[in-house]
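**Student:** Take a look at the following structure, please.
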Amino acid sequence: MMSSIRFDATKQYYATSSLVLGYALCSSLLAVINKFAITKFNYPGLLTALQYLISALGVWVLGKLGFLHHDQFTFEIAKKFLPAAMVFYLAIFTNTNLLRHANVDTFIVFRSLTPLLVALADTTFRRQPCPSKLTFVSLLIILGGAVGYVATDSAFSLTAYSWAFAYLVTITTEMVYIKHMVTNLGLNTWGFVFYNNLLSLMIAPVFWFLTGEYVDVFATLGSNSGNWFEPIAFFAVSLSCVFGLAISFFGFAARKAISATAFTVTGVVNKFLTVAINVLIWDKHASPFGLLCLLFTLAGGVLYQQSVTGAGGAPAQRESTASKQTDSENDGDDFRDENQVKGLSGKLASV
């Protein structure tokens, strides 16, 4: 009897460890993989559309095979969900273009600024209590690190930072408002993933025409001079799509298997792993001082998470802000991590 219990406990331990390891691997690598994909396949609209297709199709196939359950598609729910999908698409779209024009470190710095903007938006527009002293200090640390990074960024460009600010606006809007728009729809987790990616896939052609990307796509198809079928480009895009779907699974499974605190700590560790991996594999990263400012910003993020989940703040504020921060770990660590509802495509990552 005791040996059976011990065996079950050991089995549960290894299952949980596998889920956490899978989530950490996907989350820490996804931003780097997406940067690699957009470098080798310079069509951001088409790249994200392929990711939406694989994620939506993957959920549908796994549902048919009985591995998961998702809500069925109905036009009534789709109409109510459309504003959320639109904001999600804009967050992914601006995220992809940010990675296209800037390095992964710049993406992480701006992604780390979201708690500051969410706190300001909550206090200004949603009449939430002002941040506690510890939370305020942590937000100042985040801001100081970000300002130091931008001031010393040798690769500064107006285009890259324009996309960065656009990304900040859309992801903050999603965190503050969109969550409340979709909570009353009664969708389960995988239903949310399915609707988010399917509707985003339907929206994608509109942006192909608005941005003029379709001209480049058709020109490349006509001349056959691009890298459409080069093995390295195919590998990069495929890897990005697979990791986008994988982070949805591992992100949600790990969230259920471990405590919220452990999940948040894992998310923080993933950011540091992303920085380390990005520095080790290629030269597309910040200067040493820029990396120091980035680590300073991440440290502020750690302090912020402690402040909103600790015993010091107001209960209502802690619950609201901690919930948003947990969502943001899934949202945006990477651009398929972007929502979880990143993995949602993945949350929300990575990224």
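First residue shown is number 1, and so on along the chain.
Note: Cβ is positioned from N, Cα and C throughout, glycine not excepted.
Annotations per TrEMBL:
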- 12-37: transmembrane segment (TRANSMEM)
- 25-304: domain 'Sugar phosphate transporter' (DOMAIN)
- 49-69: transmembrane segment (TRANSMEM)
- 81-98: transmembrane segment (TRANSMEM)
- 134-152: transmembrane segment (TRANSMEM)
- 158-178: transmembrane segment (TRANSMEM)
- 190-211: transmembrane segment (TRANSMEM)
- 231-253: transmembrane segment (TRANSMEM)
- 260-281: transmembrane segment (TRANSMEM)
- 287-304: transmembrane segment (TRANSMEM)
- 311-351: region 'Disordered' (REGION)
**Student:** Top stretch among 81-98, 134-152, 158-178 for CB pairs under 8 A with the transmembrane segment (287-304)?
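**Tutor:** Stretch with maximum Cβ contacts: 134-152.
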**Student:** Taking only the residues in the domain 'Sugar phosphate transporter' (25-304), give me the average pLDDT of this model.
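**Tutor:** Mean per-residue confidence for the domain 'Sugar phosphate transporter' (25-304): 81 out of 100.
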